[in-house]
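Trainee: Below, the features straight out of TrEMBL:
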DOMAIN    4-142  domain 'EamA'
DOMAIN    154-293  domain 'EamA'
TRANSMEM  6-22  transmembrane segment
TRANSMEM  34-55  transmembrane segment
TRANSMEM  70-89  transmembrane segment
TRANSMEM  96-119  transmembrane segment
TRANSMEM  125-142  transmembrane segment
TRANSMEM  154-172  transmembrane segment
TRANSMEM  184-210  transmembrane segment
TRANSMEM  222-242  transmembrane segment
TRANSMEM  248-270  transmembrane segment
TRANSMEM  277-294  transmembrane segment
Amino acid sequence: MTFTWILFTIMAAFMQAWRNAFQKQLSTTVDVYGTTLARFLFAPIFAFSYLAFLYNQQPVTSEVSFTHKFWFYVVIAGVSQIYATALMVKLFQQKNYAIGVGLAKSEAILAALVGVLFLQEHLTAWGWVGVSIGAVAVFLLSKGRQHTELSIKTLIIGLGSGLCFAITSLLVREASLELGMLPFLHRAAWVLCSLISFQCIIMLIYLGIFSRQTLYKMWQRLGLTFKVSVCSFLASLGWFSAMSMQSVAIVKTLGQIEILFSLLISAFFFKEKLARTDHLGLWLVIVAAIMVIWA
C-alpha cells in the first residue's frame with residue numbers, strides 16, 4: 001500500500017503531461033469550452049469499463065451507499081475542475097504561457113493550505129518543506145525561457161486555475177472517504193465515474209445550446225479529441241486512486257514530476273531546448289519528491 005500511491009501518482013503525472021500537450025494542440029483550432037469538453041468526452045466509457053473490470057476481478061459484497069455529502073463533493077469538484085481546465089486553456093493563449101502554467105501548478109501548496117484550514121488535513125514538517133521546495137521548483141521551471149514580465153492577467157488566471165484544481169483534488173478525496181465501505185480502488189473508480197459523467201453531461205448540454213459550432217470543430221479533430229480524453233481518463237484514474245490513499249498535498253507535490261515529463265515531451269516531441277533554470281528546477285522537483293515520500 002505504501003508504494004502503490006506512488007506508482008499511481010507517477011502514472012497520473014505522465015499521462016497528464018501528454019494530455020496537456022494534446023490539449024494545447026487542440027486549442028489552436030477549438031475554443032476554450034470545446035478543448036475543456038475534450039477532457040471528458042470519451043472518458044465515461046473507459047471509466048465505467050474500468051469499474052466493471054474491478055468488480056469482475058475483485059467482487060465486493062458491501063452495498064454502495066451514496067450520501068448527500070458524496071454528491072455535494074462530486075458536483076462542486078466537477079464544476080471546479082471545469083473552471084480550472086478552462087482557465088488552463090486560456091493560459092495557452094498568453095504570451096508568457098509557461099509562467100502561467102507554473103502558477104497553475106501552485107495547486108500543491110494551495111491544496112495544503114486549504115486542506116489544513118478547512119478539511120482537517122495534516123502534514124508533517126518534512127511534508128511542508130517538500131511542498132514548499134516543489135513550489136519553488138515549478139516557478140523556476142516555468143520561468144526558464146521567459147524574459148517578459150509577469151502580467152496581472154496571467155497571474156490571476158494561473159493562480160485561479162491552481163486554486164480550482166486544488167479544490168477539485170481535496171473534494172475528490174472527501175468524496176472517496178464517503179465510500180469507506182469499499183476498497184480504495186473501488187472508491188476511486190466510483191468517484192471517477194460519477195465526476196466525469198456529470199462533467200460530460202453539463203458540458204454537452206451547454207455547448208449543444210450555446211455553441212454547436214464548437215461541437216462541429218471537435219468532430220473535425222476527432223482523433224486529437226480522443227487522445228485528450230484517453231490521457232485524461234488515465235491521469236484521473238491515477239490521481240483519484242492515489243488520493244484515496246494519501247494526503248492531496250503530498251500526492252500533488254510528488255505529481256510535480258509531471259514537469260519533468262512535460263520537458264521531455266517538449267524536448268523530444270516538440271524539439272525544444274532546455275534552459276539552465278530548467279535543470280535547477282528539475283533537481284528541486286526530485287528533492288521535493290523524495291521529501292514527501294519520506295514525510
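Each Cβ is built from the backbone N, Cα and C atoms, and glycine gets one as well.
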Trainee: Any contact between the transmembrane segment (248-270) and the transmembrane segment (184-210)? By contact I mean 3+ C-beta pairs closer than 8 Å, pairs at least 6 apart along the chain.
Mentor: no
Trainee: For the transmembrane segment (70-89), which stretch among 6-22, 34-55, 154-172 has the most Cβ pairs under 8 A?
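Mentor: Most contacts with the transmembrane segment (70-89): 154-172.
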Trainee: Which residue counts does DSSP give the domain 'EamA' (154-293) for helix, strand and coil?
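Mentor: Result for the domain 'EamA' (154-293), in helix, strand, coil order: 121 helix, 0 strand, 19 coil.
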